[in-house]
Amino acid sequence: MRIAAIALLMTLAFMVNAQEPSTFSSERGRNPIPNLSEPPQIHQWQDTEPQPRQFTQQPPVIPHAIDGYVINQKFNKCLTCHSWANYKESGATKISLTHFSDREGQDLANVAARRYFCVQCHVPQTNASPVVNNRFKPAWAKPEANPAVPRD
Ligand code: HEC
Ligand code: HEC
């Protein structure tokens, strides 16, 4: 009796499934399963000048390619140019003083662990069209933000 009930339920479930066309789109898009999925387009970053920041505390975006730049426990490629020891020679912006204090506010001689993995906060940019549109406006774009500050 129980088996018959289960079989009936499964048949019903199958019928419901078969009747309702799926309305959600899966991660592989609306591509039929037998077809190969299309590889996403890879956008290459072109090196540019440092980009303007949208708000005072924004981590600046990376204005150059970082392909193959290793950051691991033993080595940090970014610091070979951006550290205080190397920035002059490489012409890179030196990392900010804020990167030397730990979460208790202690000032350290070297980059704090919480700032070690640079790409947690700094990202390269490309000209790809946004997946989700963004209506963000910098705070200083609002007239009431700070009327004393001239803006263009
Ligand atoms: C080979 C040297 C080199 C390496 C390695 C390097 N950078 Fe740079 N970086 C530069 C130079 C040069 C600039 C641009 C300075 C300029 O044009 O004023 C720059 C600019 C930047 C800026 C923009 C600063 C600003 O004020 O807007 C960020 C952020 C940055 N890099 C992050 C990184 C991160 C994160 C890594 C590692 C993933 C990295 N860089 C690796 C040389 C380097
Ligand atoms: C937890 C987030 C975070 C991490 C991790 C981080 N940064 Fe930053 N970075 C920021 C923010 C926020 C700013 C802008 C405000 C400031 O100066 O603190 C900044 C500023 C900078 C600047 C511009 C300094 C200036 O004087 O204009 C450089 C260059 C930079 N970071 C490089 C790096 C490098 C290299 C690493 C890895 C060793 C790194 N950052 C890791 C958040 C981060």
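Counting begins at 1 with the first residue displayed.
Each Cβ is built from the backbone N, Cα and C atoms, and glycine gets one as well.
Here is what TrEMBL says about this protein:
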- His64, Cys78, Cys81, His82: heme c 1 binding site (BINDING)
- His99, Cys118, Cys121, His122: heme c 2 binding site (BINDING)
- 43-55: compositional bias 'Polar residues' (COMPBIAS)
- 23-55: region 'Disordered' (REGION)
- 1-18: signal peptide (SIGNAL)
Entries of His64, Cys81, His82 (binding-site residues) sitting next to ligand 2, with Cβ under 6 Å as the cut-off: His82
Neighbours of His64, Cys78, Cys81, His82 excl. site residues, C-beta within 8 Å of centre, heme c 1: Ile62, Tyr69, Lys77, Leu79, Thr80, Ser90, Ala92
Pairwise CA distance, Cys81 (heme c 1 binding site) versus Cys121 (heme c 2 binding site), rounded so that it is a whole Å: 17
Least Cβ-crowded entry, counting other Cβ within 10 Å, from the binding-site residues listed as Cys78, Cys81, Cys118, Cys121: Cys121
Protein Cβ atoms within 10 Å of His122 (heme c 2 binding site), excluding its own: 15
Reduced DSSP assignment, His122 (heme c 2 binding site): coil
Minimum Cα separation from Cys78 (heme c 1 binding site), reported as the residue among binding-site residues His99, Cys118, Cys121 that achieves it: Cys118
Cβ neighbours within the same chain of His82 (heme c 1 binding site) - under 8 Å, at least six residues apart: Ser90, Ala92, Thr93, Lys94, Ile95, Cys118
For Cys78 (heme c 1 binding site), the three-state class that DSSP assigns: coil
His99 (heme c 2 binding site): tally of other CB atoms within 10 A of its CB: 19
In sequence order, those binding-site residues of Cys78, His99, Cys118, Cys121 whose CB lies under 6 Å from ligand 1: Cys78, Cys118
Additional residues surrounding heme c 2, by Cβ distance to the His99, Cys118, Cys121, His122 centre under 8 Å: Pro59, Cys78, Ile95, Arg115, Phe117, Val119, Gln120
